[in-house]
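Notes to accompany the following structure.
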Amino acid sequence: MRKSIIAVVSITLLLVVGVVASALAAGTFTAKEKAFMKKAAADGVAEMQLGQLAQTNAKTQEVKDFGSRMVTDHGKANDELTAIAQQKGLTLPSAVNRKHKMLADKLNKLTGDAFDRAYMREMVKEHMKDVATFKKAQKNAQDSDLQGWIGKTLPILEDHLKNAKEIASRVGAGGDGKGGQIKEGM
């Protein structure tokens with residue numbers, strides 16, 4: 001009887017170890033993929049927070065609408081990325097980081113035209129960085145789910161950048177993220 005119990009316990013342990021090992025082997029991200037995913041999630045959370053701020057502090061309806069789109073699009077993208085990460089045991093940030101909090105605090109002190117210019121300048125600058133980061137990640141990603149998500153999300157970010165430049169130019173923020181004019185090829 002004792003040998004039977006030991007045999008059952010041993011077989012159960014082997015099965016559990018085998019299931020855990022195969023799950024870990026089947027679902028891992030590279031260090032670069034993890035870093036990219038964490039940055040993308042943090043940036044997405046910030047875009048949503050800043051978008052909400054735009055909906056209340058902006059003067060022009062166009063900037064308010066852009067802020068609303070940031071909340072919707074980045075919220076959806078973050079939900080999808082979180083699902084991919086969770087399938088493989090990775091937890092992504094769900095709160096703004098210190099850098100983005102400081103930016104939000106700075107923008108929150110502005111209203112009207114000043115807010116519109118500063119917010120759109122930041123949106124151009126941030127989306128220029130995002131597009132470059134996503135293009136690099138697209139070349140380096142090995143995980144097929146992550147590759148698919150990047151391929152789906154990158155055109156949306158490129159459209160955000162295009163719209164941000166156009167709106168920034170119209171509200172007097174320039175379209176290059178620095179307060180200057182839109183440069184061709186950007």
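Each residue's number is its place along the chain shown, starting with 1.
Glycine is no exception: its Cβ is also placed from the backbone N, Cα and C atoms.
Features as listed in TrEMBL:
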type	residues	note
SIGNAL	1-25	signal peptide
DOMAIN	33-167	domain 'DUF4142'
Mean pLDDT for the domain 'DUF4142' (33-167), as a whole number?
96
Could you count the residues of the domain 'DUF4142' (33-167) that DSSP puts in helix, in strand and in coil?
116 helix, 1 strand, 18 coil
